[in-house]
């Protein structure tokens with residue numbers, strides 16, 4: 001495997017260092033190329049993601065990202081110029097977010113119910129395409145629009161991926177949308193789920209409005225196996241899912257090109273946390289869990305399972321220990 005590494009800003013280099021340590025322990029033959037992208041490069045050169053670097057990224061099998069963002073750079077500059085550019089240039093049309101409450105992790109829900117589902121979120125359409133505008137800005141008659149773009153092609157490929165994942169899991173898929181109000185997009189999503197679902201007769205299909213789904217993620221999370229949803233609703237659902245599983249510090253994600261034409265990118269959900277950068281106290285668990293997602297995606301399923309089991313063993317036995325960044329990485333390597 002040929003891996004591109006973007007450690008990024010803040011705690012990114014620290015947590016990615018431990019993630020790579022675990023990766024080397026389970027798959028030592030990986031070829032790695034590190035790219036200096038983020039705030040430091042921006043300040044030094046004015047560059048965010050040069051075309052030449054983007055072309056280099058495309059030839060890798062996968063990308064491992066730490067975190068992007070620094071208070072010295074105006075908000076949104078790095079996010080749009082780096083993260084969103086990679087997402088659209090590499091057609092990362094799926095954002096994959098597992099939600100699992102591990103043994104030993106105390107979640108906010110009473111009784112620590114069993115939680116194990118995955119959210120398949122559409123990643124390149126919806127209201128995040130920049131389609132819209134404003135007129136009469138700053139006047140009492142200002143009009144602003146944000147258009148949610150949904151295509152049959154874009155919806156189908158995400159729904160197909162979700163069904164494939166459901167078939168490999170507990171064979172239950174829930175579409176989360178708001179089709180009683182968003183009637184046009186909602187109809188396209190629901191019709192597509194029914195059409196694709198006919199090809200997977202063993203997968204049970206359910207529908208929930210997004211507000212209802214948010215309630216049930218809190219009150220009855222065990223009902224969910226695979227959730228498929230659009231870009232906006234997925235953005236919201238995945239953060240609540242992370243919260244009930246112990247927080248974004250334990251959340252991993254994958255930005256996936258399901259066609260495998262381009263390399264997919266894997267990253268912890270947490271931010272760059274510049275306030276604790278360089279102190280050696282950032283928890284690298286989410287970055288290590290992202291390595292497990294990456295390994296599963298490239299077909300190294302045994303290695304992925306080893307990492308996941310080691311993370312679970314670490315979380316279930318750490319107790320109240322306050323471990324530093326390197327200590328967590330060393331401990332998980334020891335549990336492989």
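Glycine residues also receive a Cβ, built from the backbone N, Cα and C atoms like all the rest.
The substrate binding site annotation in Swiss-Prot covers 87, 97, 121, 211. The site 'Important for catalysis' annotation in Swiss-Prot covers 128, 178. Annotation comment: Swiss-Prot describes 211, 235, 239 as Mg(2+) binding site, evidence class sequence analysis. Residues or ranges marked as NAD(+) binding site in Swiss-Prot (evidence: sequence analysis): 271, 272, 273, 274, 275, 276, 277, 278, 279, 280, 281, 282, 283.
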What is the separation, in Å, between the Cα atoms of residue 97 (substrate binding site) and residue 283 (NAD(+) binding site)?
19
How many whole Å apart are the CA atoms of residue 275 (NAD(+) binding site) and residue 178 (site 'Important for catalysis')?
38
List, in sequence order, those binding-site residues among 211, 239, 271, 273, 281 whose Cα sits within 10 Å of the Cα of residue 178 (site 'Important for catalysis').
211
Nearest to residue 273 (NAD(+) binding site) by Cα distance: which of the recorded positions 87, 121, 128, 239 is it?
239
If you compare CA-to-CA distances from residue 128 (site 'Important for catalysis') to each of the binding-site residues 121, 211, 235, 277, which comes out shortest?
235
Please list, in sequence order, every residue of the chain apart from 211, 235, 239 whose Cβ lies within 8 Å of the Cβ centroid of the Mg(2+) site.
210, 214, 232, 233, 234, 236, 237, 238, 240
With residue 271 (NAD(+) binding site) as the reference Cα, tell me which of the binding-site residues 87, 121, 211, 235, 239 is the closest one.
239
When you measure from the Cβ of residue 281 (NAD(+) binding site), which residues in the chain that are at least 6 apart have a Cβ under 8 Å away?
324, 325
Cα separation, residue 239 (Mg(2+) binding site) to residue 283 (NAD(+) binding site) (Å, whole number):
18
Nearest recorded site to residue 87 (substrate binding site) by CA-CA distance, among binding-site residues 235, 239, 277, 279
235
